[in-house]
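Scroll down for the structure; my scribbles are underneath it.
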């Protein structure tokens, strides 16, 4: 295949070499539109047809238009001898987005990416290629700027993100249009592109023309901001500037360091931790900023931020980021551990067994969570004083052992350590703990 314009081929080759990518099989996200058509044909040539076109039908538009687009995609791939997979969305995105309280764009994107990941595995491919171009990059930076994004957002769309590649990020929309026109290549036009239904369309159709009138050549300036932002982000990514204590299901920060460190770096660290734990959380700057209003000398412990996936709490001289892996674990538990019988704590996969008792007076051992701590003290003040010894332990993971309503031991389920015991009694009892707070 020979093109009348090889400028895009040159840029794709430069992209591959710059990012040290191999030329193994690629899944190309193909919609039939101008951008993905240009990407598909150029990668077919560059990778010697070691590609699979993947089309995802959202069925957000009318069935008639969607089916016409599918017909075009199939005919196009037949014409150019390109392997094609077509996947139809198995949920109603419009109604489901309302039920979940997310935008149609967001849910459609999630469904499409999930389908692409499955196609990657099915076809034993190395990369998923998306057709974002230079203009998409500009639009993204502007949207993120007005949405109050951090430097990470102003870095723009990454050219390579794990197994996702975007070879056209240095190619302008004008170059794409010229390529298709010169080579007389047909493409499908999505009717929603000209409508202001979605945020990106409104930015593209209404905002950018106004900016262009006032700031000629603004694209170069935004590109420079993006490059500088990326340099900062890469620099902070390399080094850990913030001391963090890591547990199985939590991260802990020193309170004073947390409050005195630049907010940007603290916010970045929190989002980085959430991302590493597979939590995609939308937390507003306003909500996070509230966490910095906590008083250092205030003795009261309190929750600073709470979501469905995690919560941020102040506890003594620490700020703890704790994940809600299983709601069952955070509900109080209170049970009897009988001699010779196993008992399982569901979340942590902890198995407990009272193996033997050297006294007839001990036959059943009571196990309960930290919430029951006041049951063992008549005086609430004495209880607080006693448990203040264990401020280094996260109370969520403390299991209390009691006999005849008397506290005889405390186990930290996070470390499986006996942190305190009434030795005169506990030495008569043998307890086995198997497992640990293992990630699912």
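The backbone N, Cα and C atoms fix where each Cβ goes, and this holds for glycine too.
If you look up Swiss-Prot, you'll see 31, 32, 33, 34, 35, 36 marked as ATP binding site. Residue 31 (ATP binding site) falls within neither a helix nor a strand when secondary structure is assigned with DSSP, and so counts as coil. The Cβ of residue 31 (ATP binding site) lies under 8 Å from the Cβ of 55, 69, 73, 131, 188, 190, each of which sits 6+ residues away along the same chain.
Within 10 Å of the C-beta atom of residue 35 (ATP binding site) sit 23 other C-beta atoms, taking all shown protein chains into account.
Shown in sequence order, 30, 37, 38, 131, 187, 188, 190 are the same-chain residues outside 31, 32, 33, 34, 35, 36 whose Cβ sits within 8 Å of the Cβ centre of the ATP site. Taking a C-beta cut-off of under 8 angstroms and a sequence separation of 6 or more, residue 36 (ATP binding site) has the following same-chain neighbours: 28, 29, 30, 131.
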